[in-house]
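This report concerns only the one structure given below.
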Amino acid sequence: YKVTLKTPSGEETIECPEDTYILDAAEEAGLDLPYSCRAGACSSCAGKVESGEVDQSDQSFLDDAQMGKGFVLTCVAYPTSDVTILTHQEAALY
């Protein structure tokens, strides 16, 4: 799938297979995104989905209300369609 990442330094579109976490694909493409635990248990890598769908069933940090607003943990999110994500959204969670 095509994953568009809107970062503070600009917009990048990368290819991300449906079995690869978005954070991992971004790193392979040379992008520097924030992360900490890489296990879906903190909010360092949080982003916000602007369009498209992801599967983040491996995460354990976000509550239903946060996910309902479109927040996503990129370290444990797989794309299930072409998706656009606003990165660096940890502060917006709180």
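Cβ atoms are placed via backbone N, Cα and C, with glycine included.
Taken from Swiss-Prot as is:
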type	residues	note
BINDING	Cys37, Cys42, Cys45, Cys75	[2Fe-2S] cluster binding site
DOMAIN	1-91	domain '2Fe-2S ferredoxin-type'
MOD_RES	Ser9	phosphoserine
Tell me, how many other CB atoms lie within 10 A of the CB of Cys45 ([2Fe-2S] cluster binding site), whichever protein chain they belong to?
28
Non-site residues, in chain order, whose CB comes within 8 A of the mean position of the CB atoms of Cys37, Cys42, Cys45, Cys75 at [2Fe-2S] cluster:
Leu23, Tyr35, Ser36, Arg38, Ala39, Gly40, Ala41, Ser43, Ser44, Phe61, Leu73, Val76
Cα separation, Ser9 (phosphoserine) to Cys37 ([2Fe-2S] cluster binding site) (Å, whole number):
23
Tell me the residue counts in helix, strand and coil for the domain '2Fe-2S ferredoxin-type' (1-91), as DSSP assigns them.
17 helix, 29 strand, 45 coil
Sort the binding-site residues Cys42, Cys45, Cys75 by C-alpha distance from the residue listed as 'phosphoserine' and give me just the closest.
Cys45
Is it possible to get the count of other C-beta atoms within 10 angstroms of the C-beta of Cys75 ([2Fe-2S] cluster binding site)?
26
Could you check the binding-site residues Cys37, Cys42 and say which one's CB has the fewest neighbouring CB atoms inside 10 Å?
Cys37
